[in-house]
Amino acid sequence: MSDKIGLYSGSFDPVTNGHMDIIARASQLFDHLYIGVFFNPEKKGFFDLETRINVLKEALVDYPNISVVSAADSLAVDLAKSLGVTHMVRGLRNPTDFEYESNLEFFNNRLDPSIDTIYFIAHNLMQPISSSRVKELIHFNSSIEGLVPQSVIKQLESMNESNQNL
């Protein structure tokens, strides 16, 4: 039997504990799970691509079957094909997410019908967490403790120290 290989893609700007919960659960189902960090032209960026990749790698250091990859200028399904992915992994917080994700699945399936999509429903405590809300809290200097992995907090502290030293 061939390996089950997953790809969980997103902008992860920043990665949240909601993302981390989906990643932890998905990592148990796949022989290998890729985390694809992408640029989303519909979203205003907070961390640059390299920083997002590094923050994710630090957050995922204890997961030996996970690799963080990027293909900023391509479709996730094209990256999936190039990596031999068998399943796309998607997280759902609410009906709006389902509508968006099922539309995305339709187009991914048209581009490569051999790649299936698996949906993970966010746990109740994770459903309200979004990168957009986290960025809003950061903007107003509010605590994001418990909403993001420590690697995000460390990165923000490092950025604040750098700005104070200018």
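Cβ from N, Cα, C; glycine included.
Cross-referencing Ser2, Ser11, Ser130 against the substrate binding annotation in Swiss-Prot, which names Lys43, Ala76, Arg90, picks out Ser11. Between the alpha carbons (Cα) of Glu101 (ATP binding site) and Arg90 (substrate binding site) lies a span of roughly 7 Å. Around Ser131 (ATP binding site), the C-beta neighbours below 8 angstroms that are at least 6 residues distant in the chain are Ser11, Phe12, Asp13, Pro14, Val15, Thr16, Phe46. Residues Ser11, Phe12, His19, Gly91, Leu92, Arg93, Glu101, Met126, Gln127, Pro128, Ile129, Ser130, Ser131, Ser132, recorded as binding ATP, reach a greatest CA to CA spacing of 18 Å. Leu92 (ATP binding site) falls within a strand segment according to DSSP.
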